[in-house]
Structures are given as C-alpha cells and as structure tokens.
Amino acid sequence: MTNQSLIEFKGTKDGLVIKVKENQDFQNIKSALIAHFEKAGSFFKGANLLDIECPYINEEERLALKTIVMEKYDLNFKEVTEDFKPEIFQGLKEGMTKFHSGTLRSGQVLSYEGNLVVFGDVNPGAVVKAYGNIIVLGSLRGIAHAGANGNLDAIVSAHVLNPTQLRIGDIIARSPDEKLPDSVNPEVAKVKNQSVYVESNYNKGKKKGEK
Amino acid sequence: MGKVIVITSGKGGVGKTTATANIGTALAKLDKKVVVVDADIGLRNLDVVLGLENRIVYDIVDVVEGVCKLRQALIKDKKHPGLHLLPAAQTKDKNAIALKQMKGLIDELKERFDYVVIDCPAGIEQGFKNAIVGADEAIVVSTPEISAVRDADRIIGLLEASEISDPKLIINRLRYDMVKRGDMMNTEDMIDILAIDLIGVVPDDENIVISTNRGEPVVNQEQSFAGTSFRNIARRINGEEVPFEEFKIENGLVDRLKSFFKINSN
C-alpha cells in the first residue's frame, strides 16, 4: 500500500526537488518514493537532485532517502552551497517592482525580490516581505519586512501605517502596546541610527537639503 | 520537571484560549514558571488574547524546523516575569509539525518550566493529536450547551484512548440566572453526562470580552467573577484545596428592584 500523491517532484532550474507533502511515517514515505521511481523507469536517470523537502523526518532518515535515490536510481546529488549569497537588492530608487492588487488577509504571505506595492490592505496576521521598499495603498496592520535581504535604506509606507511589526533589514520594531490614534496622512517608516522611525510623508519641504 | 496540561474542548468557541491565557497568567501570579503554548497553528489567537502579538518574531514551527532556538521563540509576558508564550505559526497549517517533533519540544519545555499549558485547537485532527501528545493532564472546557457537552464527551473518550486519564472539567460561561430559571443545563447535569471531576465553574462575564479585546487576561482584575474563578482553578491545579466559589447571583439592577418590590408587596 503506497500513497502516490504523497510525493511531488518539482523541477527547478538547478535540479530536482522531491517534496513529501503529508505527514506519514518514514516507512510509508520511503515506499512511496521507491514506487514513484519504479514507475518512472529510467526517466530520472542522471538528473540533478537538489533536495528532499520533508519536515517530518530527521536528518538521518533524509540521508537514507538520498542514498536510496542516488544509488538505486542514478541521480546526482547537488549540494546547495552556502557561499551562494544573493546580492543585497539595490534598486530602491529604480528597480524591479511587483504590483499586487487585493487585500492580504491573516496567514497570507506576499514576498518579492524587489520593491512591492500593494493595492489593498494588509491585515493583522498577514506578512509582506520585499528586498526593496514596501508601499501599501491602504492600511498596513500586519507585518511588513522591507529590505529583507539587507538593504537598510528601504522604506515602508502606507496610507494608514499601523503595523503589528515593522522590519527593515535585520532591525525589528513592534507597535506600541497602547493604542495610538490612526494618522490621517500617509506615513513612512525608515531606519535611522539602527532604529525604525515613522514620519509623515508630507512635511518634507524643509528637509530638501538632506538626501 | 514540570507538569504539562492541555486545555481542550472539541468544539470551537467555548473558551479554550481564554482559559489557557487566564490559567497561565494565574499560575504565574502564584510565582510559578509557566509557558503557554499555542498549538493552533494557522489560526493562532493566544498571542492576541495575551496582548503579545506584536512581539512575535519566531514561532513554534520555526523551532521544530530548526530556524531558531527555543529560547528565541519564547516571548516574555508584559506583566508577569514568570509567564512565557510559545506562539503558533500563522502562515502554516496543522500538518507543519509531526507528533515526534511536538513531543520532543514539550519535553524540552517541561525541563525548564513548572507548568506547560497547551492551548489545543478545535477539532480532533492532527492539531488535536499534536496538542495532547506530550500532555500529562488534560482540562476539558465546555459551555452548558448540548453541542459543547457532546463534543466534550467525544474528547474525553479520545483522551482516555491516548492514556491521558482523569481529565478535569471547566464549565465556562454559566449563567446562574438562566440555570435558576431552568433554561440552562446546570453543573450537575453536565457532570452527570461527562462523569469527570469538576475543577471550576466560570460564570458568564462581560469583563472577559473587554479584557480579551484589550489583550489583558481577566485574572488581573481582582473584582471580576470570571477572574476569581480562573484564579481559583489555578490554585486547584497547583494542589491547593479551594472551595468552589458561590457567586451569589448578583442580579442586575432590574432583578434587585424586582426582589425589592416582591418584599414590599408581601
């Protein structure tokens, strides 16, 4: 008895990822995986295996699965090397931008490797994450993480900026425990001296000299 | 070595999360080291009820996946230094944690705290199984409604099958005035069906709604009925003999006027 839908194969540009979708015990996972390869015949022979994604097994069992797949079915295992570090996103003034329309509700996550504009609200429990700036044309009440891969110049701005938590780069700020009145004007959050500051989007006239 | 208590009910909306927050806080008031664990992955609430939502960086799924250390995911309460929260993940689902992982995690918490109080999700699926896997004891919450009692009965059966014997019962949201009129099941009816020991009766109290929305457990209010009940439940958990509180039906003004006129008319 094996469950075929337990296993999913995902092709990426670097190689194959095997995904185990359900929480089953190791023997079931193993037999399902073998059944899959038996069915596929020599289709996977010589393919690059990137990873076996399964949160339900321990490292030892993962290794056992990898060994089976590599030795029995002739796959090459390609270790994802840690020194592959994505470059810090630099397109804050001009760069890749995603536009998302629709409200993000609790439990939803929207992330993008560039700037992010949301037409809608971000509700508590939702997360927006971008390597660049985050602009919310609506109310931001959830968690926003701008400059997610390290750019501390990234900003978060919203019509109503009332987030549960603001993260810019590796700096985390949380909302005050006392309820503050919502601001009438759009606000922008940015990092100064390693902390997150929120200011109005408008009173910029005097500060023109600053960068 | 601490004690692991799971708070469960089967049915949703009967007050598991409120009970967990209040019992956890009340135990911390007794100078115990307490951690409350939100096992409701995907629909977390305990953080909101405790007013700690804005402090969450890592959650229980991050811990079992090894993204962070257990210590990093524990959130200290604002008022009670002995109280900690291990929040659930909101962006994952109940299958994100396997039984084995949950057991290991609870065992680790047990080493560090006097009490581990687990807020169980509604239902009897994976989330429930995860929540009870490491538990030494269980508290079943039920409201005086036939549907809640039916689900509580099912849960007690499942707990016994998992060898968590002798669960205790909290009757939540009892309205003494309705019981008196015969419009609501009374305590005896419920114990009769469920046949488990009562550990507390919590009266229906609008302070609960107010305190939940403020993110501050009602046990912090000395004068609230529900708060007193939860404080007494915590003392009973802690091994004290506390007599069951008799809330004289503090009838509203209307009732008091009524009784006043009744006396007069006699």
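Even glycines carry a Cβ here, placed using N, Cα and C.
Listed in TrEMBL:
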- B:3-156: domain 'AAA' (DOMAIN)
- B:K11, B:G12, B:G13, B:V14, B:G15, B:K16, B:T17, B:T18: ATP binding site (BINDING)
Which chain-mates of B:V14 (ATP binding site) that are at least 6 residues away have a CB under 8 A from its CB, listed by sequence?
B:V141, B:S142, B:T143, B:A148, B:N172, B:R173
Determine which residues of the same chain, besides B:K11, B:G12, B:G13, B:V14, B:G15, B:K16, B:T17, B:T18, have their CB within 8 A of the center of the CB atoms at the recorded ATP site, and list them by sequence.
B:S9, B:A19, B:A122, B:V141, B:N172
Across all the protein chains here, work out how many other Cβ atoms are within 10 Å of the Cβ of B:T17 (ATP binding site).
28
Return the residues near B:G15 (ATP binding site), defined as same-chain residues 6+ apart in sequence whose C-beta is under 8 angstroms from its C-beta, sorted by sequence, else 'none'.
B:S9, B:V141, B:T143, B:I170, B:N172, B:R173, B:V202, B:I208
Select the most exposed residue of B:K11, B:K16, where exposure means the fewest other Cβ atoms within 10 Å, treating these as the binding-site residues.
B:K11
Counting only other Cβ atoms and using a 10 Å cut-off, which of the binding-site residues B:G12, B:G13 scores lowest?
B:G13
Distant-in-sequence Cβ neighbours of B:T18 (ATP binding site), under 8 Å, six or more positions away:
B:V49, B:N172, B:I208, B:T212, B:V218
B:G13 (ATP binding site): secondary structure state under DSSP, collapsed to three categories:
coil
